[in-house]
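Encoded as structure tokens, the structure appears first; notes follow it.
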Amino acid sequence: MADKNDLEKGASRSSAPQYDYGDAEETKTGTKWSRFADSFKRNPNARMVTEALDAEGKPLPDQPPAEPALSMKLKDRHLQMIAIGGSIGTGLFVGSGSALQAGGPASLIIAYGLIGVMLYCTVHALGELAVAFPVAGSFAVYASRFLDPAWGFAMAWNYALSWLVTLPLEIVAASMTMSYWEGAKNVNPAAWVTIFLALIISINMFGVKGYGEAEFIFSIIKVIAVIGFILLGIIIDTGGVKGQPYMGAKYWNNPGAFHNGFKGLCSVFVTAAFSFAGTELVGLCAAETENPRKTLPTAVKQVFWRITLFYMISLTIVGVLVPYTDPQLIGASSSDANASPFVIAVKNAGISVVPSIMNAVILIAVLSVGNSSIYGSSRTIAALADRGQAPKWLGYIDRSGRPLAAILFSSVFGFIAYIVAAGDDARSKAFTWMLAISGLAAIFNWASICLCHIRFRQAFHAQGHTLDELAFKSQATVYGSWLGFIFNILILIAQFWTGFAPVGYGEMTAGERVENFFEAYLAAPIVILFYVVYKLVMKTRFKRLHEIDVTSGKREMNLAALLAEERAEQAMWPMWKKVWKTVC
């Protein structure tokens, strides 16, 4: 066992050539105040992307193990809850209402189920890459490495922009959620913006540990709320509430299982995809995890249970409790608890206290997304700066391992939320177009992740490597990545169709149809613009298999010895443990 500890802790530093890399350097001497002040000073050796380059800027053939500058303080419990509850938000609690209204309960189950299968394949592909290469910037860096630097640049800025505009959106949504309670209705919403903005920025100023602890608490609350609804929903449906009859699946017969035909189903696909956005944060967290080789596979496997339990079961219950003709579903907004099918289901059963509780859960979900916004955008932007694809000052890493400049830059966008003071019309127009910028970000990134995994596997085999060298292999295999890639392309096509000719487009004017299309598809021309401009300026080209770097970014030098010892230990496990570790 001593040899294993040496391999884990010492070998990477003692046996590798030392490049100009740096870990987080927290000051251990002086007063508490001096240590606090000193923690904000720049770590002069810190680099986000620890890749050794030659004089021409090409990766060296023999790469040392990565020594990330970020503070690797995310623990197993943080990653587990980020994986389980990270993407449970307004997309599930409120957005599912508009999806139910557009497509009916059968479309709801079919669309969320198929998107769940696609996402299962995508997250496993990301998990394999992130365990092998736990580098800052995650999938944006993978796109540059395995596909084309221009596409990596486009994906990174696409992802960063989506989170930058999401922050003010969520803060405004939180301030609007507060108006649900009588005592808060007459309070100026700008006051709530100030409180929530200060809270979210403060959490992120504590570094990755602050983000991890906050998400741990937020996710527990969201998970408990969903499980509670599932149990209550089963009781309501089976006639367990006093004065309520047995319901069964009567709403599947009247008004029916489907609504608006095939176009209604396509509309639900798009909503379902947006509801799962944020799942990829697990891969982004890999660079700040203590031991991604051990913790990340477990977190990735949890995605299956989250999709099954928190999405499929809860939405099945929603579909039997709320008819798609319920007038409360029409015109559902992203922050209105009254438009949530979860709330409507309970209100229709005559239970009055739950809507207020659900509103509090929606508020927590909104703040959770806002918290993730600063985390996701700051890490991506800092990695861009380190690769020369963003202003250099944004790559500032302090001695506590925080990308300080990128955190502050991302936080500034939150002040856009003060547009709430300009009135409902101005706020609505501004945020409709900001939402359009971020609308397709997740779809592009998921497709890119799947394609990166396909190219990595091809290059890995072409350069003489075997899958036995990988600490974690995607359970969906490379065929799952092909399925995920194709499915994401189909979603983009469906979004184009529903954007160009939405349900009820015959009653819309030409101007309204054009506006609707760009609201749904504005992200696509932005991505294309980033890609084409960078490609023309930098003259990049698509990576060939022999040019793809499959060595740099690894954290352990003696991975083969570690894996051999662990696999010998796993061979001695009883059958129940082997099955448990396979699915969890």
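Backbone N, Cα and C define each Cβ position, glycine as well.
All annotation found in TrEMBL is predicted automatically rather than curated by experts.
Feature annotations, courtesy of TrEMBL:
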REGION    1-36  region 'Disordered'
COMPBIAS  1-11  compositional bias 'Basic and acidic residues'
DOMAIN    78-546  domain 'Amino acid permease/ SLC12A'
TRANSMEM  81-103  transmembrane segment
TRANSMEM  109-142  transmembrane segment
TRANSMEM  154-178  transmembrane segment
TRANSMEM  190-208  transmembrane segment
TRANSMEM  220-241  transmembrane segment
TRANSMEM  261-282  transmembrane segment
TRANSMEM  303-324  transmembrane segment
TRANSMEM  344-369  transmembrane segment
TRANSMEM  404-421  transmembrane segment
TRANSMEM  433-456  transmembrane segment
TRANSMEM  476-497  transmembrane segment
TRANSMEM  517-537  transmembrane segment
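Scored on C-beta pairs under 8 angstroms, the neighbour of the transmembrane segment (220-241) with the top count among 190-208, 261-282, 344-369 is 344-369. Across the candidate stretches 109-142, 344-369, 433-456, 476-497, the maximum count of CB pairs under 8 A to the transmembrane segment (154-178) is reached by 433-456. Sequence-distant contacts of the transmembrane segment (261-282) (same chain, at least 6 residues past either end, Cβ-Cβ under 8 Å): 79, 82-83, 86-87, 89, 91-92, 95-96, 98-99, 102-104, 107-108, 110-112, 114-116, 119, 122-123, 126-127, 130, 138-139, 296, 299-300, 303, 311, 369, 372, 375-376, 439, 441-443, 445-446, 449, 491, 494-495, 497-498, 501-503, 520.
Here the transmembrane segment (303-324) lies next to the transmembrane segment (344-369) in space: the count of CB pairs under 8 Å, restricted to residues six or more apart, reaches at least 3. Each of 344-369, 404-421, 476-497, 517-537 was scored by its Cβ pairs under 8 Å to the transmembrane segment (190-208), and the highest score goes to 404-421. Counted over residue pairs separated by six or more positions, the transmembrane segment (476-497) shares at least 3 Cβ pairs under 8 angstroms with the transmembrane segment (109-142), which defines the two as touching.
Listed by sequence, the residues of this chain that lie at least six past the ends of the transmembrane segment (517-537) yet keep a Cβ under 8 A from its Cβ atoms are 148-151, 153-155, 157-158, 161-162, 270, 389, 432-433, 435-441, 444, 492, 495-496, 498-500, 502. Only residues 6 or more beyond the boundaries of the transmembrane segment (404-421), in the same chain, are considered here, and those with a CB under 8 A from a CB of the stretch are 40, 163-165, 167-168, 171-172, 175, 188-190, 193, 197, 200-201, 204-205, 370, 373-374, 377-379, 381-382, 385, 393-398, 427, 430-431, 434. Taking the domain 'Amino acid permease/ SLC12A' (78-546) as a whole, pLDDT averages 83 in the prediction.
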